[in-house]
Amino acid sequence: MTTETFVKDIKPGLKNLNLIFIVLETGRVTKTKDGHEVRTCKVADKTGSINISVWDDVGNLIQPGDIIRLTKGYASVFKGCLTLYTGRGGDLQKIGEFCMVYSEVPNFSEPNPEYNTQQASNKSVQNDSSPTAPQATTGPPAASPASESQNGNGLSTQPGPVGGPHPSHAPSHPPSTRITRSQPNHTPSGPPGPSSSPVSNGKETRRSSKR
C-alpha cells in the first residue's frame, strides 16, 4: 500500500510522492527547444492547491474537474514557486470527475521569498568555496619573490648579486687585459737596443780608420 501525501505536506526536494487531487485550471502550452509541449496545471486537495507541470500528450488529455492520482512524483522550486512534476516511472491516472472536496487556499505555488533566499545562499556558498582555492595557491608565490629580493639585498652573492657586483667588476678586468696586451707592444721596442750596437761598431771603425 502506498501512502498518500497531502498538498500541504509537499516540500522542495521530496520524491516518490503519491497524491490524489482535482484539476482546477489548465495553463497555456509552451514548447521546449527539443519540441516537447509543457503545460502547467493548477490542482488541489482538501489541504490546499499547487501547480503541476505536465508534458506532451498527458497535458492535452487533462481537463478541469478531472480527479487524478499521481504516483512517483517529485517537488521542486521553479522561478521561486513550488511545483509538482512526474518523475521517471511516474504516472497520472484519472480516477473520477468533479466529486471531490478541495480547498483552493492556501496556494503553495505562490512565490515564496524563502525559496529565493535559499537558492541565493546555495549559489553564494558555491561561489565562495570555489575562489578560495586559487587565492590560497596564489599567496605563497607572492611571498617567495619577496624572500628572493631580501636574499639579493643580503650578503649572499649567489642569487641576486650575479647581476649586480659583476657588472661593477667587469669594467675593471678589460683595462687589465689591455695592459697585458700593451706589454707585447713594448717588447718589439726592445730590438732597437741591439740595433744601436751596429752604430757603436761604426764609430769604432771610424776611430780605427783615423788611427
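Note that Cβ sites are derived from N, Cα and C of the backbone, with glycine treated the same way.
Here is what Swiss-Prot says about this protein:
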- 22-92: DNA-binding region (DNA_BIND)
- 114-128: compositional bias 'Polar residues' (COMPBIAS)
- 129-149: compositional bias 'Low complexity' (COMPBIAS)
- 177-187: compositional bias 'Polar residues' (COMPBIAS)
- Thr117: phosphothreonine (MOD_RES)
- 110-211: region 'Disordered' (REGION)
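Helix first, then strand, then coil: DSSP counts for the DNA-binding region (22-92) stand at 6 helix, 52 strand, 13 coil. Across the residues of the DNA-binding region (22-92), the predicted structure has a mean pLDDT of 91.
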